[in-house]
Amino acid sequence: MDHRVLAIFLTSFVTPFVNSTLSIALPQVAREFGIPPAAAVSLLVVLTLAVAALALPMGRLSDVVGAHRVFRAGLLVALAGLAASSTSPSLYALYAALALMGGGLAAVFGSNNALLVQIAPPGRRASVVGMNSMFVYIGLVSGPLVGGLLASVSWRLIFLPAVVLTALAHLLVGPPPAAPGRGAGYDWPGALLLSSAVVLLVMGFANVGLALTGLVLLALAVVLESRREAPILNVRLFKDVVFASSVASAFLNYLSTAALTPALSLLYQSVYGVPPGATGALLSVMSIAMAVFAPLAGRLSDRYQPALLAAAGSAILAASLFLYSRGTPIQWAPLYLFAIGLGFALFIVPNTTIILTSAPPGVASAMVAEARVLGQSASNSLAAYVLQRAGGLEAGVYDLLTLLGYFAVATAALSLARYLRRLAH
């Protein structure tokens, strides 16, 4: 196997691994820095927002200067952020380190697929992409388990595996080609407008003024990008109703699920007194269900209408979120978490298939990735807002689950509408 391919596999593991390990360690971070447990969710907001704001601009930059250069530079920045996070002397230093890490991961995230396609043998590209997805699921499953064990000793240790793997990936990918890329043709105004709009819209859960300003900037970005020959975001694709609704569904799905791990981690540890290791094992049930049922969902989407299967998955997800209510015994938690993972898998695989068959593969892949990171960032921002304004952490978590359930209902409705539209035509 090409050592550069292995480097990409490692980074595909690191991103979900870092997110889930940090989610498990939030109570320990809150305790050390003397902040309420609910406020610790803002750490995840900073990390995921940096990735969401910069992923598309970095993806376009990789087209201009070369995916290898952007990928390798991103690894160095992420490595610096990881090291700084583990040694942060204060809460604000940790915020800055996580933002730095997120910027580096955005560069990695925005260039890894392009680099993978460049270096994978043409006859093996599909299998290599499949293996890359497998590393994502390994990161999702192992993150809570490893994070729980390391957080039992010290939350600062949770970054250690990612530091080692990121450094190894940097060594494996090697130096970029000798021929330098040229920055001509990069849409700097579009990148600035889109990144600013993402930040303001995500932060707009807590401030209407920020949300309105973000909408204005987004509108300006759409107008600007529609006139560019080489835009950061090809807005013309959204004229396709199927593509646009599928991307919106993906965003809503991640919005309704991403905050579950940090919110339930806080609930189990800070309210129910579950140790970090046991909390990690409990939350890994959700990721295991996703990994187990994703291949089945792929086979089912080949046999049945993907939009209908996606609607069914979102309905299962919504029902699980609504039923997991205040007073649910902790011993029932694995059942609900398993059902949530099942619903997620049944939705995400067919919905991704719809997106990838509705637009050019490279652009479609980028939009799948952006919908994911934007939904994750928005979900964490919403969780931070709800938990800090509730009358107690337990009440806040269950209020959040109900709210996320409504977003899952919206996802199901949008998927069902796509199915009915197909029947009508």
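Using N, Cα and C of the backbone, Cβ positions are placed for all residues, glycine too.
No curator has checked TrEMBL annotations; they are predicted automatically.
These features come from TrEMBL:
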DOMAIN    4-423  domain 'Major facilitator superfamily (MFS) profile'
TRANSMEM  35-58  transmembrane segment
TRANSMEM  70-86  transmembrane segment
TRANSMEM  92-116  transmembrane segment
TRANSMEM  128-151  transmembrane segment
TRANSMEM  157-179  transmembrane segment
TRANSMEM  191-222  transmembrane segment
TRANSMEM  242-268  transmembrane segment
TRANSMEM  280-298  transmembrane segment
TRANSMEM  336-357  transmembrane segment
TRANSMEM  400-420  transmembrane segment
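Only sequence-distant pairs (6 or more apart) were considered; of these, fewer than three Cβ pairs between the transmembrane segment (336-357) and the transmembrane segment (157-179) are under 8 A, so the stretches are not in contact. Counting Cβ pairs under 8 Å to the transmembrane segment (92-116), the top-ranked stretch among 35-58, 128-151, 280-298 is 35-58. Ranking 128-151, 242-268, 400-420 by CB pairs under 8 A with the transmembrane segment (35-58) puts 242-268 at the top.
A Cβ distance under 8 Å defines the sequence-distant neighbours of the transmembrane segment (280-298), meaning residues of its chain 6+ beyond its ends; these are 20, 23-24, 137, 140-149, 151, 260-261, 264-265, 268, 274, 309, 313, 333-334, 337-342, 344-346, 348-350, 353. Beyond the ends of the transmembrane segment (157-179), by six or more residues, the same chain brings 3-4, 6-8, 10-11, 13-14, 17-18, 21-22, 24-25, 66, 68-69, 71-72, 75-76, 78-79, 82-83, 85-86, 146-147, 150-151 to within a C-beta distance below 8 angstroms of the stretch. For the domain 'Major facilitator superfamily (MFS) profile' (4-423), the model gives a mean pLDDT of 90. Nonlocal intrachain contacts for the transmembrane segment (242-268), taken as residues 6+ away from its ends with a CB within less than 8 angstroms of a stretch CB, comprise 19-20, 22-24, 26-27, 37-38, 40-41, 44, 48, 144, 274, 278-279, 282-283, 286, 310, 314, 317-318, 321, 330, 333, 337, 340, 344, 347-348, 351-352, 354-355, 358-359, 364, 367-368, 371-372, 374-376, 378-380, 382-383, 387, 393-394, 397, 400-401, 404-405, 407-408, 410-411, 414-415, 417-418, 421. For the transmembrane segment (191-222), same-chain residues at least 6 beyond its ends with a Cβ under 8 Å from one of its own Cβ atoms are 45, 49, 52-54, 56-57, 60, 232-233, 235, 374, 377-378, 381-382, 384-385. Through the fold, the transmembrane segment (70-86) approaches residues 8, 11, 14, 18, 58, 61-62, 93-94, 96-112, 115, 156-160, 162-163, 166-167, 169-170, 173, 175-176 of its own chain, all at least 6 residues removed from its boundaries and within a Cβ separation under 8 Å.
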